[in-house]
Amino acid sequence: MTALSSKNCSLQYQLHQSPQLLEASCLLFLIILGKVLLNILLLRVRRGDARWTLMEYFCFSLALVDLLLLVNISILTYFRDFVVLGIRFTRYHICLLTQIISFTYGFLHYPVCSLACIDYWCNLSRASKQSSRWQKLLYFLTVILTWISVLAYVLVDPAISVSLKAHRGYVYQCPAYVSTQSHWLSLSMLMVLFVAFLISWQEVVALLQAMRIASYKSKAALYFPFPLHCGYALSCREALLPRLIVCFLGTWFPFVALQVLILSLRVQIPAYIEMNVPWLYFVNSFLIAAVYWFNCHKLDLRDSSLPVDPFINWKCCFVPVHRLKQVERPMSIVIC
């Protein structure tokens, strides 16, 4: 919506200003409500046996922040103009709060991904497991410190302050920040997937033709053909790469296609929408696969310290067919 000068403001425009504000507030409320429901759905359908990692803590913290944002927008929309502790809150603060959250979300992609990658790498590399209580406390403090650091940067950065003040006089116009971090992160992951598939596309096709589904401990499982000399510890990255690709795309292919579409059409999504729990779990699976591939010589499924993906059972990449002694009612289903 285009901003108008004060001398062009007529009585007719002022009469139409309130319905426009109400419509914009309701639209923002519905968007945040849909995002909150999507976050709750993903947190409910995740695997229950997943270990608590740094990314898990951040996903829950993001869902909590989205819920608090929804509550604040609801209060500001309902009461419209009120005073708390001498501070007057109006519809303008809906836009201000949304912009601050957008900037905060937009700058979180790189720190969260870097910390999660370090967390998974350390879990694979260390010889002794840290106390679960102290590890959870460390995760909690790291998440809190990350949120506070990014929020403090947003509030003290001069360029962001100028951007926030630029639209202070126009409560009907509230531009949202579009994160460049998510753009480059998504582009990088898609390029890595494309190169990995290009390198091992023949193995991927052969693997899909030989892969079968069976009932294992009352659960459906995928089994890949392994050479007889393969055990629990893998040292061949070439053999592991196609299995990681199949497992990853088997779960996240719709999300990969969505990312390709967004980048191809150059769709600009506000940061307060783009940073969500499904996106974080998608990045989480990619990071786990990357850490597995780089540390394939250290992998041992009998070690419970291995990171567990909430949506992908990576064990089907490592367990050889000839070791499966507990297969119940094998199904003659071949995926081609």
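Glycine is no exception: its Cβ is also placed from the backbone N, Cα and C atoms.
Worth saying up front: this structure is predicted, and the values here are computed from it rather than measured.
Feature annotation (Swiss-Prot): of 96-116, 222-242, the stretch labelled transmembrane segment is 96-116. Both VAL178 and ALA271 belong to one identically named topological domain in Swiss-Prot, hence to the same side of the membrane. Averaged over the topological domain 'Cytoplasmic' (117-136), the predicted model reaches a pLDDT of 72. Counting Cβ pairs closer than 8 Å and at least 6 residues apart in sequence, the transmembrane segment (187-207) and the transmembrane segment (57-77) reach fewer than three and form no contact.
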